[in-house]
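Record features (TrEMBL):
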| type | residues | note |
| --- | --- | --- |
| TRANSMEM | A:6-24 | transmembrane segment |
| DOMAIN | A:63-111 | domain 'NADH-Ubiquinone oxidoreductase (complex I) chain 5 N-terminal' |
| DOMAIN | A:127-416 | domain 'NADH:quinone oxidoreductase/Mrp antiporter transmembrane' |
| TRANSMEM | A:132-152 | transmembrane segment |
| TRANSMEM | A:164-186 | transmembrane segment |
| TRANSMEM | A:206-231 | transmembrane segment |
| TRANSMEM | A:243-264 | transmembrane segment |
| TRANSMEM | A:270-288 | transmembrane segment |
| TRANSMEM | A:428-453 | transmembrane segment |
| TRANSMEM | A:526-545 | transmembrane segment |
| TRANSMEM | A:624-645 | transmembrane segment |
| DOMAIN | A:633-698 | domain 'MrpA C-terminal/MbhD' |
| TRANSMEM | A:652-669 | transmembrane segment |
| TRANSMEM | A:708-728 | transmembrane segment |
| DOMAIN | A:712-786 | domain 'MrpA C-terminal/MbhE' |
| TRANSMEM | A:769-788 | transmembrane segment |
Amino acid sequence: MYAVFVIFLPFIMAALLPAMHRLIGDRLIGWYVMAVPLVLFATLVRLIPRIADGEVIDASYAWIPDAGIDLAVRVDGLGMIFALLITGVGTLVALYSIYYLSPRESLGHFYVYLLLFMGAMLGVVFSDNLMLLYTFWELTSISSFLLIAFWYHRKGSRYGAQKAMLITVMGGVSMLAGFLMLYFMTGTFSISEIIGMRDTLAGESMIIPAMFLILLGAFTKSVQFPFHIWLPDAMEAPTPVSAYLHSATMVKAGIYLVALFTPLFGGLEAWFWSLTIAGIVTLLWGAFNAMKQNDLKALLAYSTISQLGLIMSLLGFGSAALSADAAGNPTVYAAAGFAALFYLLNHSTFKGLLFMVIGIVDHEIGTRDIRRLGGLMSFMPVTFTFAVIGSFSMAGLPPFNGFLSKEMFFGAAVDIASGQPFAGGAEVLFPVVGWLASVFTFVYCTIIVYRTFLGPVQPEKIDRTPHEAPKGMLVAPGILAALVILIFFFPNVVGKYVIGPAMQVMFPVLSQEANLVPKIEAWHGVNLPLVMTFGVIALGLLLFITFRHWKRIYRVAPFRWTMDSIYRGVLQTGEAASTIVTDLYMTGRSRDYFAFIYLFFLVTVGGMLFLTGAFEPDFSRGPVGIFEISFVIIMAFAAIAMLFARSRITATLLNGVLGYSVAIFFVFFRAPDLALTQTVIETVTTVLFLLCFHFLPEWKPEDSPLRTKVVNGLIAIGAGTLVTAFGLTVQGYDVYASISSYFEDSYKLAGGSNIVNAILGDFRAFDTMLEVVVLFIAGIGVYTLIALKPKKGGDDVEGK
Amino acid sequence: MKENDVILRTVTRVVVFIILTFGVELFLSGHHNPGGGFVGGLVLSSALVLLYVVFDIETVHQGVPFDFRKIAAFGAMLSLLSGTAAAVLGKPFLTQGFGYFDLPIFGLTELATVTIFEAGVALTVIGTVVTIILSISKDV
């Protein structure tokens, strides 16, 4: 129950929010929202001891049992880490938003989206069913889209939101394909059951394609190269959103997915190399690009990309522990997995902190462009302190938590370089590239601190007098800053109670044999990782001082040729191509559209009918009486007469004759429901037709060339013939056993003796329900097309 | 152009009630006899359309002051939510129930949840048909 409550509380609160907003107003609504993650965080913290004992809390409710899709929820150590981040950082972000957002913004929308995201994200990390996971996964993409586009009047926001949506949903759909492959191999959607079948799955030939498809989902979400391009554009979102979704939680969903599937795919060579190479390339490319940014938020975006790459590569290193020949000591590799989770936690603290600091600068100064900033230290001493704590932690300096995890990364990279269980050779580059990226990291961390807070003030370039942020705004970053330092001094508490249980989930086989929780020590003597850290500081300082001289490197061709231009190119080409195709057949004349529809019908259905030799007319069903024949003659007469009608009203009435005659046929065949419906529909349609008269052009005799007339005539006759042939053929086939006997029990099963309505309202109520919804949508569509069309000279909706 | 439509107006005043009654009858009898939410809704809306055709929109709006877009939305919502009750009770979504109750005046009567579902259908049909016809005729 706990877990289901945790997932659905944000959704319920989101549904109640509009009413609440009206009740308590703009000033208090933020506190209402903050209560949600706070309560959940407290609930989860109380579960930590139980989870740390290896307990797993799960619950399952039938959702779509026929398809094997259950509302299966599972709280284990791995999900717990992420859930603590989602609720913990969520609380702080909500608190920060209260002060950050002006009451003039549409707060209601913002907080509903935020709660939606929170629920969806908790759903992702607690789902134990692939389809459930997928649903929540896409819901996070959608809520992220809404939040990025929160200031939708800005072009950049709309562009960034669309880009994020396109890329992450593309990855999500590929992940869905991977999930379906897993389903066909195992016959279940349950994640814990699938992971339990690791040994049987290893021999399947589809396991590698499924793995790549799932990885694509993880890589797009967790901004791995080359899918990282959406994150910098997502920075158009309000800063609390960037801090929450785009650094602490949502972009880590991919990390979660990889960690979740490590027990299944870990040990596969393709898994190891995909993760490590994607991670290392992302790490370097992100760090390299972060240095050249002038916008502080863009800088942080690239640094997030880089650090997500680092975590991804650590997960790759760790997966080697599950290889069959893990070179004797799998715990050495598993330590990399531990480092990944530790880094993940630390990253959320220091990056969240930095985003909030940048948000404060932006909020108080009105810009976050480092070319206009400088010397803010004396005006904003508290913010400056926070910035130093966050940056130094990110750069990997003591006494901050980033130092510990960075050292562990160096250690893991060195271990992998000195031997890993797979064929290869690229592993010797890992420590070198990782070290180089850390140097870049050091450089951009220095840029954040130096260019913003030190150096000369440039009052002529900023619009406001700099001053410290209001106290309330400093609380959330203050808590994060305290955590950054606390984790440095008490890392083993976190290791034992939070990361340890997750390690048991990631490496279930090893956890019985060995202790997977290494002791974290700040001082471990002079060893290679420590030397590497000194190197980082030395070279980093050098590069920072000489930055102006080697900046030109960014103008060298290969670095200018970005993935962004490919993305734009693909979109533009796709749009242009689809315009060409669409223009080919969208002529604007309904006559052409009818011709297309009937031609398609003729070719596919008719072709199928004659190619398969299925055309066997059956005239044996019942005698054709004088009534039927006379009404056929009436209908034929009406249809032919319509061709020669001189006025539109005659044509309409003749069309009515056709419709009512069909109703009479329903009476003949003892289908009173159909006859009734057909009669009423015919009446209402005729009225509609009469109303539309005003808009229709004058009734003119056909003046198109003979060729068109002949072609259209042929299509019309062909379609009519085909429908007749089809009707006759269908009568002659009894391929499937009749299901009508089932419906004959309608009085017993549904309590109604009208079978038709028992089917509509009971047996197949789902179809009817959707039809009702479609009808409603059609009605609203007609209404909007007519009532809301732009007035002449009015604003274009697109705002071109 | 002013037409003399006294006869039409007088007849409509009476006929509308017959059509409306017929619509309700069709709606209620659908469980055992021909009829049901869709046809019932259509007949009801045709009565409304008749009113709109004979009298002008403003006059009818004074007597029938509903926003038919909202009725359509409410109807779609009703059919959607009527299925949720079953889901809450642990049955598959949209499972319908029925029972026989001894009511005063009516005697032994069958009550079925499908009526709620069908009411949603009928309201959607009424709302949609009237909305479409009204928006087209207003656009003149």
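Using the three backbone atoms N, Cα and C, a Cβ is placed for every residue, glycine included.
Proximity of the transmembrane segment (A:132-152) to the transmembrane segment (A:708-728) is not established, fewer than 3 Cβ-Cβ distances being under 8 Å for residue pairs spaced 6 or more apart. Cβ atoms under 8 Å from those of the transmembrane segment (A:708-728) belong to residues 591, 595, 598-599, 601-602, 605-606, 609, 615, 617-619, 702 of the same chain, restricted to positions at least 6 beyond its ends.
With a cut-off of 8 Å between Cβ atoms, the residues of this chain six or more beyond the transmembrane segment (A:6-24) that come close are 32-33, 36-37, 39-40, 43-44, 73, 75, 83, 107-108, 111-112, 115-116, 118-119, 122-123, 126. As a summary of secondary structure, the domain 'MrpA C-terminal/MbhD' (A:633-698) carries 56 helix, 0 strand, 10 coil according to DSSP. Broken down by DSSP into helix, strand and coil, the domain 'NADH-Ubiquinone oxidoreductase (complex I) chain 5 N-terminal' (A:63-111) contains 32 helix, 9 strand, 8 coil. Tertiary proximity for the transmembrane segment (A:624-645) is limited to same-chain residues at least six positions away from its ends with a CB under 8 Å from its CB atoms, namely 651, 654-655, 657-658, 661-662, 664-665, 668. When the domain 'MrpA C-terminal/MbhE' (A:712-786) is classified with DSSP, helix, strand and coil residues number 61 helix, 0 strand, 14 coil.
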